[in-house]
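Here is the structure we will look at.
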Amino acid sequence: MTKVYYDQSVEKDALQGKKIAIIGYGSQGHAHAQNLKDNGYDVIVGIRPGHSFDKAKEDGFDVYPVAEAVKQADVIMVLLPDEIQGNVYKNEIEPNLEAGNALAFAHGFNIHFEVIKPPKDVDVFLVAPKGPGHLVRRTFVEGTAVPALFGVQQDATGQARDISLSYAKGIGATRAGVIETTFKEETETDLFGEQAVLCGGIHKLIQSGFETLVEAGYQKELAYFEVLHEMKLIVDLMYEGGMENVRYSISNTAEYGDYVSGPRVITPDVKDNMKAVLKDIQNGNFANSFVKDNENGFKEFYKLREQQHGHEIEAVGRELRKMMPFIKSKSIQK
């Protein structure tokens, strides 16, 4: 049975007296660094010169090039995009690790798929908040928290689990609760959720619904409202109380249509396709494709991105959002 750990579950403060280097100062980086600092820990930031470097300094941190930050630290939390972690690790982190250090991540991709292979004499652990960095920070300041996952890949010192739990508490996550997992489980479930449901699945579902209505002769604007704009109403209900809250809140007509038509759209074949997606994640095919495309300058990735940005639903949405000043519209720079 899944066990949840809270503040009172962390009996030993294994971070006490250790210097923590946060590598990266983006969404998660700023939240981890500030929460740990507010909890009294010795935190420095390692990052290359640029906007984030300046922002970390403005926020009161001692900021260093990555290599120097690693040299100074006992615990190194890597909070960089997946695609650049490998090179930064090889060139700036690995040469400066010492026996007994702890190397940490908020996502297991590069460890699980062996893009990064740490030496045997360092601890390797995971603390993965289940929410974006701005929410991790905001809830911490408010006295609550975002739940998180934690796990240990390598325990060189015999203290890796204690350190990971202490780190989770340090960023505030144990206020809400943390669940123990493995790098394998966190990575594979996270990638599957993104690809089959949250990003790949939902985007394709919305596009297909839009195309179906437009091809049948309905106005593009109405199609947009029905299959994309109103999605937020449903997701908010689901977020607050699950699918049963959606069905409680919608009309009987909508609920009946849910039961009789949902299975016609998401057929057993779709579930079989999901299983195939999961298999490609588990066997490393997806990771290999992503890593190779990254090494090739992301040619396929950028081509696919451009194709999707050109979909008709995007142009319709941009115009309709001008009619709704209550929406905090975000213009995406291409």
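Cβ from N, Cα, C; glycine included.
Annotation comment: Swiss-Prot describes 2-181 as domain 'KARI N-terminal Rossmann'.
According to DSSP, His107 (active site) sits in a coil region rather than a helix or strand. The Cβ of His107 (active site) lies under 8 Å from the Cβ of Asp82, Leu126, Ala128, Glu186, Thr187, Asp190, each of these being in the same chain and 6 or more residues away along the sequence. Annotated active site per Swiss-Prot: His107, in sequence order, evidence recorded as sequence analysis.
Feature annotation from Swiss-Prot assigns domain 'KARI C-terminal knotted' to 182-327; the stated evidence is sequence analysis. Taking the domain 'KARI C-terminal knotted' (182-327) as a whole, pLDDT averages 97 in the prediction.
Under the three-state DSSP scheme, Asp190 (Mg(2+) 1 binding site) falls in the helix class. Neighbour density for Asp190 (Mg(2+) 1 binding site): within 10 A of its CB lie 18 other CB atoms from the protein chains shown. The Mg(2+) 1 binding site feature in Swiss-Prot is assigned to Asp190, Glu194; the stated evidence is sequence analysis.
Look at Swiss-Prot and you will find Asp190, Glu226, Glu230 tagged as Mg(2+) 2 binding site, backed by sequence analysis. Long-range Cβ contacts of Glu230 (Mg(2+) 2 binding site) within its own chain (separation 6+, distance under 8 Å) are none.
A coil conformation is recorded for Ser251 (substrate binding site) in the three-state DSSP classification, outside any helix or strand. Sequence-distant contacts (6 or more apart, same chain, Cβ under 8 Å) of Ser251 (substrate binding site) do not exist in this structure. Sequence annotations record features per position, and here Swiss-Prot assigns substrate binding site to Ser251 based on sequence analysis.
For the pair Glu226 (Mg(2+) 2 binding site) and Glu194 (Mg(2+) 1 binding site), the C-alpha distance works out to 23 angstrom. Following the DSSP three-state reduction, the secondary structure of Glu226 (Mg(2+) 2 binding site) is helix. Shown in sequence order, Gly200 are the residues of the chain, 6+ apart in sequence, with a C-beta less than 8 angstroms from the C-beta of Glu194 (Mg(2+) 1 binding site).
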